[in-house]
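Single-structure report; data block below.
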Amino acid sequence: MTTLLDKIHTPADVRRLGRAELPQLARELRSFVLHTVSQTGNGHLGSNLGTVELTVALHYVFNTPNDRIVWDVGHQTYPHKVLTGRRERMHTLRQLGGVAGFPKRDESEYDTFGTAHSSTSISAALGMALASKLKGEDRKAVAVIGDGAMSAGMAFEALNNAGVSHAGVNADILVILNDNDMSISPPVGALNKYLARLMSGNFYEAARQGAKAVLKNAPPLFELARRFEEHAKGMVVPGTIFEEFGFNYVGPIDGHDLESLIPTLENLRAKKGPQFLHVVTKKGYGYKPAEADPVKYHAASTKFNVDEGFPAAKPGGKPTFTNIFGTWLCDMAEADPRLVGITPAMREGSGMVEFHKRFPARYHDVGIAEQHAVTFAAGLACEGLKPVVAIYSTFLQRGYDQLIHDVALQNLPVVFALDRAGIVGADGPTHAGLYDIAYVRCIPNCSMLVPSDENECRTALTTAYRQNHPVAVRYPRGAGAGVAVQPGFAEWPWGKGVVRRTGGTAAESRLGQRVAILAFGTLLHPALQVAEKLGATVADMRFVKPMDTELVLELARTHDALVTVEEGCVMGGAGSAVLECLAAAGMAVPVLVLGIPDVFTEHGDPAKLLALCGLDAAGIEAAIVQRYGQRPVLAAVNA
Ligand SMILES: Cc1ncc(C[n+]2csc(CCOP(=O)(O)OP(=O)(O)O)c2C)c(N)n1
Ligand SMILES: CC(=O)[C@@H](O)[C@H](O)COP(=O)(O)O
Ligand SMILES: [Mg+2]
């Protein structure tokens with residue numbers, strides 16, 4: 001049976017539908033998105049189910065792609081992708097070569113701006129709005145931003161700039177706040193309380209009821225929109241913070257009610273200047289398990305039966321590095337009352353649920369506010385506390401100046417637990433944690449520790465915690481080699497790496513010469529596999545900074561050539577540090593630096609992406625054999 005959705009290949013097809021057909025389209029779209037995520041077993045769910053009606057209404061009212069829609073974070077754009085010509089490809093969602101999980105300009109003209117790190121949409125939409133004014137083009141710019149993303153400073157920087165005229169020119173920008181009273185975790189902060197007041201006021205309920213009354217005899221569209229707007233404006237709506245920023249504020253309205261959304265959007269599209277629409281939605285709307293537990297249903301990590309919901313977690317699986325961190329954090333908090341744990345809105349992802357439960361007074365979810373998280377930690381450290389900032393490698397990029405200016409320059413003892421360091425996989429380049437080695441090691445006073453397995457991770461965290469200066473510990477998404485984790489608080493000898501395997505003589509080596517592999521982090525394990533085959537030496541360096549220079553120089557003296565491996569960018573990474581060390585010592589030793597090349601990685605299965613970068617065992621071996629396998633390189637170099 002042909003469905004309405006079958007007929008939708010572009011938003012123009014949506015705009016050809018009658019208004020009365022849109023609720024049916026929304027139902028079909030929600031079901032399609034739900035089944036897509038259930039079958040791919042990989043992707044965001046709650047936020048997508050919550051934006052189905054809003055997506056239909058936006059593409060129905062706005063002349064997309066001429067009118068620009070910028071989706072903040074963009075994790076809620078699966079309905080948008082379905083309506084904009086990608087329905088047939090959605091089964092490839094977040095897979096290598098498949099549809100991306102976030103908007104991507106090179107994927108579709110309807111993806112007007114690449115997002116994924118939150119709170120960028122208003123800035124981008126403002127740029128588009130003012131560009132169209134400068135170019136004399138008639139186009140609207142719409143930013144759709146969630147209540148969680150609205151808590152970030154960057155969103156307010158943009159509101160502050162958008163709400164005023166620019167040389168007498170007002171931006172025709174519409175900011176839509178998609179308020180579902182959820183971040184990934186339950187929302188935090190004063191803004192959330194403020195929005196709750198706006199929503200809970202009796203005017204919102206009256207507006208909902210009133211809207212129904214106003215619309216019940218369905219007058220002509222424009223008249224409908226005018227009446228609705230007058231009705232809404234007639235509410236005793238308190239002056240809102242958004243009006244203080246120079247926006248015309250409308251709402252809150254029901255973000256699942258197309259009868260409210262469409263006339264309101266039509267009305268706002270016709271208006272000039274900065275407009276702000278506050279819509280109220282439910283995360284997971286239309287799917288009972290997701291409505292009941294929006295935290296659990298933020299994203300799917302495995303295929304699931306729609307009728308049964310997410311399968312129960314299998315007991316006894318290998319602990320992830322995140323689990324190792326979460327356990328260590330609780331153990332150390334138990335042992336040291338000075339420990340304070342901070343997360344910028346990633347409680348679950350960073351493994352801090354248990355810590356929050358057991359140490360609520362020392363747990364801080366600061367919202368999507370990485371800059372604040374870092375400097376807040378600095379303030380705590382000034383007073384003798386021991387803050388641990390649990391932050392994804394990619395999201396610490398958002399607090400980089402604070403890391404330098406507020407923590408490192410003042411040499412404050414803050415531990416940065418950098419989860420998701422390395423290739424993350426399905427989330428793609430925006431979330432890959434590939435730059436932290438380079439961006440941390442260049443900062444004075446900062447140290448960077450790179451544990452190679454779960455037990456080493458626990459030890460590295462303790463070692464970092466025992467220092468009195470800023471220390472970052474990086475570890476990857478997911479599980480490691482499955483090494484048993486010892487309890488207690490063992491520490492590494494500071495600044496010392498360790499030789500894990502000693503290669504044979506040149507004659508004994510398959511390479512015909514002595515090669516040492518210096519591994520920085522979890523790539524130690526493929527390096528050991530390769531060394532076993534080639535007869536090479538392997539060192540687990542443990543520290544990028546301070547580098548174990550004695551070990552580097554000793555290996556250089558006792559081997560014909562070196563290899564460095566890291567799951568981080570080659571440019572400025574650990575391999576660069578080794579080259580700097582050799583140069584400082586005036587040692588001319590061939591060094592093969594293996595890491596992430598100077599390109600952005602794709603989204604997809606992390607193992608496949610690692611192999612594409614030549615960082616799986618086969619890739620590492622091939623690179624070494626190609627470089628060193630012919631004849632002793634020194635002879636080649638001096639030839
Ligand atoms: C800078 C940054 N920090 C953290 C995240 C992780 N993150 C992704 S979605 C999300 C919650 C967003 O909440 P909201 O904007 O309300 O969207 P909803 O999921 O409720 O639709 C967070 C914290 C991110 N993408 N970017
Ligand atoms: C959209 C977003 O930024 C987060 O939901 C992120 O995708 C979480 O990543 P993990 O799945 O690695 O926790
Ligand atoms: Mg939200």
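Every residue, even glycine, has its Cβ placed from backbone N, Cα and C.
Given the structure is predicted, the values throughout are model-derived calculations rather than measurements.
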Candidate from Asn170, Asn180, Asn267, Asn305 that TrEMBL assigns to the same thiamine diphosphate site as His75, Ala116, His117, Ser118, Gly148, Ala149, Tyr287, Glu370: Asn180
Where the C-beta lies under 6 angstroms from ligand 3, the matching binding-site residues among His75, His117, Asp147: Asp147
Around the Cβ of Gly148 (thiamine diphosphate binding site), the count of other Cβ atoms that are within 10 Å: 29
Chain-internal residues near His117 (thiamine diphosphate binding site), provided their CB is under 8 angstroms and they sit 6+ positions away: Val73, Thr394, Phe395, Arg398, Thr430
Sequence-ordered binding-site residues from His75, His117, Gly148, Glu370 with Cβ under 6 Å of an atom of ligand 2: His75
Predicted model, mean pLDDT over the domain 'Transketolase-like pyrimidine-binding' (319-483): 98
C-beta crowding around His75 (thiamine diphosphate binding site), within 10 angstroms: 26
